[in-house]
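Peer 1: Mind having a look at this structure? Questions to follow.
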Ligand SMILES: [Zn+2]
(Lines of atoms letter the chains of each structure in order from A and count residues from 1; the text may use other names and numbers.)
(Lines give C-alpha, C1' and ligand atoms only; values in the text may rest on other atoms or scores of the structure.)
Protein backbone atom coordinates (compact mmCIF):
# COMPACT_ATOMS: atom_id res chain seq x y z
CA UNK A 1 0.00 0.00 0.00
CA UNK A 2 1.21 3.47 -0.83
CA UNK A 3 0.80 6.47 1.39
CA UNK A 4 -2.51 8.07 0.45
CA UNK A 5 -4.62 10.96 1.55
CA UNK A 6 -6.23 9.13 4.44
CA UNK A 7 -2.83 8.36 5.89
CA UNK A 8 -1.35 11.80 5.32
CA UNK A 9 -4.29 13.83 6.49
CA UNK A 10 -6.49 11.83 8.78
CA UNK A 11 -5.32 8.48 10.07
CA UNK A 12 -8.82 7.76 11.37
CA UNK A 13 -10.42 8.07 7.97
CA UNK A 14 -10.51 4.72 6.31
CA UNK A 15 -13.83 4.71 4.47
CA UNK A 16 -13.85 4.42 0.67
CA UNK A 17 -12.87 6.12 -1.53
CA UNK A 18 -10.22 7.96 0.50
CA UNK A 19 -8.61 4.70 1.53
CA UNK A 20 -8.17 3.63 -2.09
CA UNK A 21 -4.41 3.91 -1.74
CA UNK A 22 -3.53 1.45 -4.43
CA UNK A 23 0.07 1.61 -5.60
CA UNK A 24 0.63 4.61 -7.84
CA UNK A 25 2.16 3.66 -11.18
CA UNK A 26 5.39 5.42 -12.18
CA UNK A 27 3.68 6.42 -15.42
CA UNK A 28 1.03 8.44 -13.57
CA UNK A 29 1.02 12.25 -13.64
CA UNK A 30 1.47 14.31 -10.49
CA UNK A 31 0.29 17.92 -10.37
CA UNK A 32 2.40 19.40 -7.59
CA UNK A 33 2.92 22.79 -5.90
CA UNK A 34 -0.83 23.49 -5.54
CA UNK A 35 -1.33 26.34 -3.05
CA UNK A 36 -4.78 25.08 -2.04
CA UNK A 37 -6.67 22.05 -3.25
CA UNK A 38 -10.44 21.62 -2.90
CA UNK A 39 -11.22 17.89 -2.59
CA UNK A 40 -14.83 18.09 -1.31
CA UNK A 41 -13.96 15.25 1.06
CA UNK A 42 -14.43 16.40 4.67
CA UNK A 43 -12.20 13.58 5.93
CA UNK A 44 -9.24 15.33 4.28
CA UNK A 45 -7.21 18.49 4.90
CA UNK A 46 -8.99 21.06 7.05
CA UNK A 47 -11.98 18.72 7.60
CA UNK A 48 -14.48 21.28 6.34
CA UNK A 49 -16.95 20.21 3.62
CA UNK A 50 -14.36 21.39 1.06
CA UNK A 51 -11.65 19.12 2.50
CA UNK A 52 -9.12 21.85 1.73
CA UNK A 53 -5.46 20.76 1.56
CA UNK A 54 -2.70 23.43 1.53
CA UNK A 55 0.56 22.87 -0.41
CA UNK A 56 -1.04 19.92 -2.13
CA UNK A 57 -0.60 17.51 -5.01
CA UNK A 58 -3.00 15.46 -7.13
CA UNK A 59 -1.90 12.31 -8.93
CA UNK A 60 -3.80 11.23 -12.04
CA UNK A 61 -3.62 7.85 -13.76
CA UNK A 62 -5.67 7.45 -16.92
CA UNK A 63 -8.99 9.19 -16.39
CA UNK A 64 -8.95 8.86 -12.59
CA UNK A 65 -7.51 10.55 -9.54
CA UNK A 66 -5.34 8.01 -7.70
CA UNK A 67 -3.79 10.11 -4.93
CA UNK A 68 -4.27 13.47 -3.21
CA UNK A 69 -2.33 14.88 -0.27
CA UNK A 70 0.51 17.17 0.73
CA UNK A 71 2.82 17.99 -2.16
CA UNK A 72 5.92 16.97 -0.18
CA UNK A 73 4.51 13.45 0.24
CA UNK A 74 3.44 12.89 -3.37
CA UNK A 75 4.53 9.51 -4.73
CA UNK A 76 7.31 9.50 -7.33
CA UNK A 77 5.97 9.60 -10.88
CA UNK A 78 7.61 10.08 -14.27
CA UNK A 79 5.37 13.00 -15.17
CA UNK A 80 5.22 16.08 -12.97
CA UNK A 81 3.29 19.27 -13.64
CA UNK A 82 4.06 22.33 -11.52
CA UNK A 83 0.89 24.24 -10.62
CA UNK A 84 3.04 27.25 -9.70
CA UNK A 85 1.34 27.93 -6.38
CA UNK A 86 -2.11 28.19 -7.92
CA UNK A 87 -5.40 26.80 -6.57
CA UNK A 88 -6.96 23.61 -7.93
CA UNK A 89 -10.66 22.83 -7.66
CA UNK A 90 -12.88 20.04 -9.02
CA UNK A 91 -14.27 20.78 -12.48
CA UNK A 92 -17.65 22.51 -12.23
CA UNK A 93 -20.76 20.35 -12.55
CA UNK A 94 -23.36 22.49 -14.31
CA UNK A 95 -26.53 20.51 -13.64
CA UNK A 96 -28.98 22.79 -15.48
CA UNK A 97 -28.68 24.21 -18.99
CA UNK A 98 -30.70 24.50 -22.21
CA UNK A 99 -28.12 24.39 -24.98
CA UNK A 100 -29.90 22.84 -27.96
CA UNK A 101 -31.41 25.89 -29.62
CA UNK A 102 -31.00 28.30 -32.51
CA UNK A 103 -31.14 32.08 -32.69
CA UNK A 104 -30.82 34.47 -29.80
CA UNK A 105 -33.07 36.94 -27.97
CA UNK A 106 -30.96 40.06 -27.81
CA UNK A 107 -33.92 42.31 -28.62
CA UNK A 108 -36.04 40.79 -25.85
CA UNK A 109 -33.23 41.23 -23.31
CA UNK A 110 -32.68 44.79 -24.44
CA UNK A 111 -36.39 45.57 -24.08
CA UNK A 112 -36.51 43.99 -20.62
CA UNK A 113 -33.48 45.95 -19.45
CA UNK A 114 -35.20 49.03 -20.87
CA UNK A 115 -38.21 48.54 -18.62
CA UNK A 116 -40.48 45.83 -20.01
CA UNK A 117 -41.53 42.98 -17.68
CA UNK A 118 -40.32 39.37 -18.14
CA UNK A 119 -42.92 36.98 -19.55
CA UNK A 120 -42.49 33.23 -20.13
CA UNK A 121 -43.82 33.51 -23.71
CA UNK A 122 -40.45 34.47 -25.19
CA UNK A 123 -39.66 30.75 -25.37
CA UNK A 124 -41.84 30.66 -28.51
CA UNK A 125 -39.30 32.81 -30.35
CA UNK A 126 -36.59 30.22 -29.72
CA UNK A 127 -38.97 27.36 -30.59
CA UNK A 128 -39.56 28.88 -34.02
CA UNK A 129 -35.83 29.40 -34.66
CA UNK A 130 -34.93 25.92 -33.40
CA UNK A 131 -37.51 24.16 -35.55
CA UNK A 132 -36.20 26.01 -38.60
CA UNK A 133 -32.55 25.11 -37.92
CA UNK A 134 -30.69 22.19 -39.47
CA UNK A 135 -29.18 19.42 -37.35
CA UNK A 136 -25.76 20.84 -38.22
CA UNK A 137 -26.72 24.30 -37.02
CA UNK A 138 -27.96 22.95 -33.70
CA UNK A 139 -24.86 20.82 -33.22
CA UNK A 140 -22.55 23.73 -34.08
CA UNK A 141 -24.36 25.99 -31.62
CA UNK A 142 -24.24 23.36 -28.87
CA UNK A 143 -20.52 22.69 -29.27
CA UNK A 144 -19.80 26.43 -29.31
CA UNK A 145 -21.42 26.89 -25.90
CA UNK A 146 -19.85 23.71 -24.54
CA UNK A 147 -16.40 24.96 -25.54
CA UNK A 148 -17.20 28.29 -23.92
CA UNK A 149 -18.26 26.54 -20.69
CA UNK A 150 -15.21 24.28 -20.71
CA UNK A 151 -12.89 27.28 -20.96
CA UNK A 152 -14.59 28.54 -17.79
CA UNK A 153 -14.02 25.29 -15.93
CA UNK A 154 -17.18 23.25 -16.54
CA UNK A 155 -16.33 19.57 -17.05
CA UNK A 156 -19.76 17.98 -16.55
CA UNK A 157 -23.00 19.43 -17.82
CA UNK A 158 -26.66 18.54 -18.10
CA UNK A 159 -28.75 19.85 -20.97
CA UNK A 160 -32.38 19.67 -22.03
CA UNK A 161 -34.73 19.63 -24.97
CA UNK A 162 -37.70 21.99 -24.83
CA UNK A 163 -37.34 24.23 -27.88
CA UNK A 164 -38.80 21.75 -30.37
CA UNK A 165 -42.16 20.82 -28.84
CA UNK A 166 -42.98 18.38 -31.63
CA UNK A 167 -42.22 14.66 -31.50
CA UNK A 168 -39.53 14.97 -34.17
CA UNK A 169 -37.95 18.18 -32.90
CA UNK A 170 -37.78 17.06 -29.26
CA UNK A 171 -36.27 13.69 -30.18
CA UNK A 172 -33.79 15.43 -32.50
CA UNK A 173 -32.64 17.79 -29.75
CA UNK A 174 -32.06 14.92 -27.35
CA UNK A 175 -30.24 12.83 -29.93
CA UNK A 176 -27.87 15.74 -30.61
CA UNK A 177 -27.34 16.39 -26.87
CA UNK A 178 -26.74 12.71 -26.12
CA UNK A 179 -23.70 12.73 -28.40
CA UNK A 180 -22.06 15.19 -25.96
CA UNK A 181 -23.24 14.23 -22.46
CA UNK A 182 -24.85 11.43 -20.46
CA UNK A 183 -26.95 13.97 -18.59
CA UNK A 184 -29.76 14.54 -21.05
CA UNK A 185 -33.21 15.74 -19.96
CA UNK A 186 -36.48 15.45 -21.83
CA UNK A 187 -38.32 18.78 -21.42
CA UNK A 188 -41.21 18.44 -23.85
CA UNK A 189 -43.16 20.15 -21.05
CA UNK A 190 -41.25 23.44 -21.27
CA UNK A 191 -44.36 25.35 -22.36
CA UNK A 192 -47.54 24.19 -24.08
CA UNK A 193 -46.63 23.98 -27.75
CA UNK A 194 -48.05 26.94 -29.71
CA UNK A 195 -49.62 24.29 -31.97
CA UNK A 196 -51.82 23.23 -29.02
CA UNK A 197 -52.61 26.68 -27.59
CA UNK A 198 -56.35 25.90 -27.65
CA UNK A 199 -56.03 22.40 -26.22
CA UNK A 200 -53.33 22.09 -23.54
CA UNK A 201 -54.74 18.72 -22.38
CA UNK A 202 -54.04 17.25 -25.80
CA UNK A 203 -50.47 18.54 -25.57
CA UNK A 204 -50.03 16.84 -22.18
CA UNK A 205 -51.29 13.63 -23.81
CA UNK A 206 -48.63 14.00 -26.50
CA UNK A 207 -45.86 14.75 -23.99
CA UNK A 208 -46.80 11.65 -21.96
CA UNK A 209 -47.47 9.52 -25.06
CA UNK A 210 -45.87 9.55 -28.48
CA UNK A 211 -43.33 12.27 -27.70
CA UNK A 212 -42.17 10.44 -24.57
CA UNK A 213 -41.81 7.19 -26.53
CA UNK A 214 -39.64 8.95 -29.13
CA UNK A 215 -37.51 10.80 -26.57
CA UNK A 216 -36.98 8.29 -23.77
CA UNK A 217 -34.22 6.33 -25.55
CA UNK A 218 -31.97 9.43 -25.59
CA UNK A 219 -32.67 10.78 -22.09
CA UNK A 220 -31.84 10.02 -18.48
CA UNK A 221 -34.14 12.64 -16.95
CA UNK A 222 -37.61 14.14 -17.40
CA UNK A 223 -38.35 17.74 -16.43
CA UNK A 224 -41.43 20.00 -16.31
CA UNK A 225 -41.74 23.78 -16.11
CA UNK A 226 -44.29 23.80 -13.28
CA UNK A 227 -45.35 27.45 -13.25
CA UNK A 228 -48.31 29.70 -13.94
CA UNK A 229 -48.39 30.07 -17.73
CA UNK A 230 -46.70 26.68 -18.25
CA UNK A 231 -47.93 23.49 -16.46
CA UNK A 232 -49.91 23.22 -13.21
CA UNK A 233 -49.26 20.72 -10.44
CA UNK A 234 -51.63 18.04 -11.73
CA UNK A 235 -50.27 18.25 -15.27
CA UNK A 236 -46.70 18.18 -13.97
CA UNK A 237 -47.41 15.12 -11.79
CA UNK A 238 -48.93 13.25 -14.75
CA UNK A 239 -45.96 14.10 -16.99
CA UNK A 240 -43.30 13.11 -14.45
CA UNK A 241 -45.16 9.90 -13.54
CA UNK A 242 -45.33 8.90 -17.21
CA UNK A 243 -41.60 9.53 -17.52
CA UNK A 244 -40.87 7.37 -14.49
CA UNK A 245 -42.73 4.47 -16.10
CA UNK A 246 -40.35 4.82 -19.05
CA UNK A 247 -37.32 4.78 -16.76
CA UNK A 248 -36.66 8.55 -16.74
CA UNK A 249 -35.93 10.15 -13.38
CA UNK A 250 -37.68 13.43 -12.50
CA UNK A 251 -36.33 16.95 -12.00
CA UNK A 252 -38.59 20.01 -11.86
CA UNK A 253 -38.45 23.70 -12.82
CA UNK A 254 -40.11 24.83 -9.60
CA UNK A 255 -41.16 28.06 -7.89
CA UNK A 256 -39.24 30.41 -10.17
CA UNK A 257 -41.72 33.18 -10.88
CA UNK A 258 -44.26 32.64 -8.09
CA UNK A 259 -45.12 30.37 -5.18
CA UNK A 260 -46.56 27.08 -6.41
CA UNK A 261 -46.70 23.30 -6.10
CA UNK A 262 -43.42 22.53 -7.92
CA UNK A 263 -41.14 22.03 -4.93
CA UNK A 264 -43.62 19.84 -3.03
CA UNK A 265 -44.17 17.77 -6.16
CA UNK A 266 -40.42 17.36 -6.67
CA UNK A 267 -40.01 16.07 -3.12
CA UNK A 268 -43.09 13.82 -3.38
CA UNK A 269 -41.68 12.16 -6.52
CA UNK A 270 -38.09 11.99 -5.19
CA UNK A 271 -36.87 14.25 -7.98
CA UNK A 272 -33.08 14.62 -8.05
CA UNK A 273 -33.50 18.38 -8.08
CA UNK A 274 -36.00 21.21 -7.73
CA UNK A 275 -34.58 24.00 -9.89
CA UNK A 276 -34.90 27.76 -9.28
CA UNK A 277 -36.56 27.69 -5.80
CA UNK A 278 -36.88 31.47 -5.79
CA UNK A 279 -40.30 31.71 -4.10
CA UNK A 280 -40.46 29.26 -1.19
CA UNK A 281 -42.82 28.92 1.76
CA UNK A 282 -41.50 27.62 5.08
CA UNK A 283 -43.15 24.29 4.18
CA UNK A 284 -41.24 24.18 0.89
CA UNK A 285 -37.93 24.79 2.68
CA UNK A 286 -38.75 22.07 5.26
CA UNK A 287 -39.71 19.63 2.53
CA UNK A 288 -36.40 20.17 0.72
CA UNK A 289 -34.38 19.93 3.94
CA UNK A 290 -35.98 16.58 4.80
CA UNK A 291 -35.55 15.03 1.36
CA UNK A 292 -32.84 13.89 -1.02
CA UNK A 293 -34.05 16.47 -3.56
CA UNK A 294 -31.37 19.10 -4.19
CA UNK A 295 -32.38 22.78 -4.40
CA UNK A 296 -30.63 24.02 -7.55
CA UNK A 297 -30.29 27.80 -7.60
CA UNK A 298 -29.82 29.60 -10.91
CA UNK A 299 -28.86 33.22 -10.21
CA UNK A 300 -28.14 33.94 -13.87
CA UNK A 301 -31.91 33.91 -14.37
CA UNK A 302 -32.59 36.45 -11.64
CA UNK A 303 -29.71 38.58 -12.91
CA UNK A 304 -30.98 38.54 -16.49
CA UNK A 305 -34.60 39.22 -15.57
CA UNK A 306 -33.89 41.68 -12.74
CA UNK A 307 -35.87 39.43 -10.41
CA UNK A 308 -35.65 38.75 -6.69
CA UNK A 309 -32.71 36.50 -5.73
CA UNK A 310 -33.31 33.02 -4.32
CA UNK A 311 -32.39 32.89 -0.63
CA UNK A 312 -29.60 30.35 -0.41
CA UNK A 313 -28.89 31.21 3.24
CA UNK A 314 -32.39 30.18 4.30
CA UNK A 315 -32.07 26.82 2.52
CA UNK A 316 -28.59 26.11 3.87
CA UNK A 317 -29.56 27.04 7.44
CA UNK A 318 -32.52 24.66 7.20
CA UNK A 319 -30.20 21.84 6.12
CA UNK A 320 -31.13 21.57 2.44
CA UNK A 321 -28.54 20.53 -0.15
CA UNK A 322 -27.95 23.43 -2.55
CA UNK A 323 -26.51 23.29 -6.08
CA UNK A 324 -25.52 26.31 -8.19
CA UNK A 325 -25.87 26.18 -11.97
CA UNK A 326 -26.05 28.51 -14.95
CA UNK A 327 -29.47 27.72 -16.53
CA UNK A 328 -27.67 28.77 -19.71
CA UNK A 329 -30.39 29.53 -22.28
CA UNK A 330 -30.96 32.31 -24.82
CA UNK A 331 -33.97 33.82 -23.07
CA UNK A 332 -33.63 34.22 -19.33
CA UNK A 333 -29.97 33.43 -18.50
CA UNK A 334 -27.52 33.62 -21.38
CA UNK A 335 -24.38 32.89 -19.37
CA UNK A 336 -22.31 29.71 -19.47
CA UNK A 337 -20.12 30.97 -16.63
CA UNK A 338 -20.25 29.11 -13.33
CA UNK A 339 -17.68 31.56 -11.82
CA UNK A 340 -20.14 34.39 -12.53
CA UNK A 341 -22.91 32.46 -10.74
CA UNK A 342 -20.60 31.85 -7.77
CA UNK A 343 -19.89 35.59 -7.52
CA UNK A 344 -23.62 36.40 -7.61
CA UNK A 345 -24.41 33.74 -5.00
CA UNK A 346 -21.80 35.13 -2.62
CA UNK A 347 -22.70 38.77 -3.20
CA UNK A 348 -26.49 38.52 -3.20
CA UNK A 349 -27.74 35.14 -1.97
CA UNK A 350 -26.06 34.84 1.40
CA UNK A 351 -23.60 32.08 0.49
CA UNK A 352 -20.04 31.99 1.77
CA UNK A 353 -17.32 31.53 -0.88
CA UNK A 354 -16.78 27.98 0.43
CA UNK A 355 -20.47 27.11 0.20
CA UNK A 356 -20.76 28.52 -3.31
CA UNK A 357 -17.75 26.53 -4.52
CA UNK A 358 -19.15 23.34 -2.96
CA UNK A 359 -22.57 23.93 -4.53
CA UNK A 360 -21.07 24.45 -8.01
CA UNK A 361 -19.09 21.20 -7.82
CA UNK A 362 -20.28 18.58 -5.29
CA UNK A 363 -23.74 20.18 -5.19
CA UNK A 364 -24.11 19.91 -8.96
CA UNK A 365 -23.00 16.29 -8.77
CA UNK A 366 -25.63 15.62 -6.08
CA UNK A 367 -28.27 17.21 -8.31
CA UNK A 368 -27.32 14.66 -10.97
CA UNK A 369 -27.00 11.85 -8.43
CA UNK A 370 -23.36 11.38 -9.41
CA UNK A 371 -20.51 10.44 -7.07
CA UNK A 372 -17.72 10.16 -9.65
CA UNK A 373 -17.52 13.91 -10.36
CA UNK A 374 -17.56 17.08 -8.25
CA UNK A 375 -14.77 15.91 -5.94
CA UNK A 376 -11.04 15.22 -6.15
CA UNK A 377 -10.35 12.01 -4.23
CA UNK A 378 -8.94 8.64 -5.25
CA UNK A 379 -11.37 6.94 -7.62
CA UNK A 380 -13.01 10.15 -8.81
CA UNK A 381 -12.86 11.20 -12.44
CA UNK A 382 -9.79 13.37 -13.05
CA UNK A 383 -11.74 16.56 -13.84
CA UNK A 384 -10.06 19.62 -12.39
CA UNK A 385 -9.55 23.31 -12.91
CA UNK A 386 -6.42 25.33 -12.16
CA UNK A 387 -7.13 28.92 -11.10
CA UNK A 388 -4.66 31.76 -11.57
CA UNK A 389 -5.16 32.58 -7.89
CA UNK A 390 -3.96 31.19 -4.57
CA UNK A 391 -7.43 30.06 -3.51
CA UNK A 392 -10.95 29.37 -4.75
CA UNK A 393 -12.17 32.42 -2.76
CA UNK A 394 -10.89 34.56 -5.62
CA UNK A 395 -13.79 33.35 -7.81
CA UNK A 396 -16.04 35.67 -5.79
CA UNK A 397 -13.37 38.11 -4.65
CA UNK A 398 -12.34 38.90 -8.24
CA UNK A 399 -15.65 38.74 -10.12
CA UNK A 400 -15.51 38.82 -13.89
CA UNK A 401 -11.78 38.09 -14.03
CA UNK A 402 -10.89 35.06 -16.19
CA UNK A 403 -9.06 33.06 -13.50
CA UNK A 404 -9.43 29.64 -15.13
CA UNK A 405 -6.02 28.89 -16.66
CA UNK A 406 -6.09 25.12 -17.10
CA UNK A 407 -8.85 22.53 -17.30
CA UNK A 408 -8.30 18.78 -17.14
CA UNK A 409 -11.10 16.40 -18.08
CA UNK A 410 -10.88 12.64 -17.75
CA UNK A 411 -7.16 13.01 -17.02
CA UNK A 412 -6.38 15.04 -20.15
CA UNK A 413 -5.47 18.73 -20.17
CA UNK A 414 -8.09 20.22 -22.51
CA UNK A 415 -7.63 23.94 -21.82
ZN1 LIG B 1 -34.11 26.07 -16.99
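Glycine is treated like the rest: Cβ placed from N, Cα and C.
In TrEMBL, annotation is done automatically, which means it is predicted and not curated.
Feature table excerpt (TrEMBL):
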type    : residues                : note
BINDING : 96, 98, 253, 327        : Zn(2+) binding site
BINDING : 96, 98, 253, 327        : Fe(3+) binding site
BINDING : 105, 163, 190, 256, 332 : 4-imidazolone-5-propanoate binding site
BINDING : 163, 329, 331           : N-formimidoyl-L-glutamate binding site
DOMAIN  : 274-407                 : domain 'Amidohydrolase-related'
REGION  : 1-20                    : region 'Disordered'
Peer 1: Using a 10 Å cut-off between Cα atoms, which of these binding-site residues sit near residue 331 (N-formimidoyl-L-glutamate binding site): 105, 163, 190?
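Peer 2: Final answer, ordered: 105.
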Peer 1: Minimum Cβ neighbour count within 10 Å among the binding-site residues 96, 98, 105, 253: which residue?
Peer 2: 105
Peer 1: Quick check for the class: what is the C-alpha distance, in angstrom and rounded, between residue 105 (4-imidazolone-5-propanoate binding site) and residue 98 (Zn(2+) binding site)?
Peer 2: 14
Peer 1: So which of the binding-site residues 105, 163, 190, 331, 332 sit close to ligand 1, that is, with a CB under 6 Å from an atom of it?
Peer 2: none
Peer 1: Compare the Cα of residue 332 (4-imidazolone-5-propanoate binding site) against each of the binding-site residues 96, 98, 253 and report the nearest.
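Peer 2: Checked the binding-site residues 96, 98, 253; minimum Cα distance to residue 332 (4-imidazolone-5-propanoate binding site) goes to 98.
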Peer 1: Checking your reading of the structure: which of the binding-site residues 96, 98, 253, 327 lie inside a 10 Å Cα sphere centred on residue 163 (4-imidazolone-5-propanoate binding site)?
Peer 2: 98
Peer 1: Do you see any of the binding-site residues 96, 253, 327, 329 whose C-alpha is within 10 Å of residue 190 (4-imidazolone-5-propanoate binding site), and which ones?
Peer 2: 253
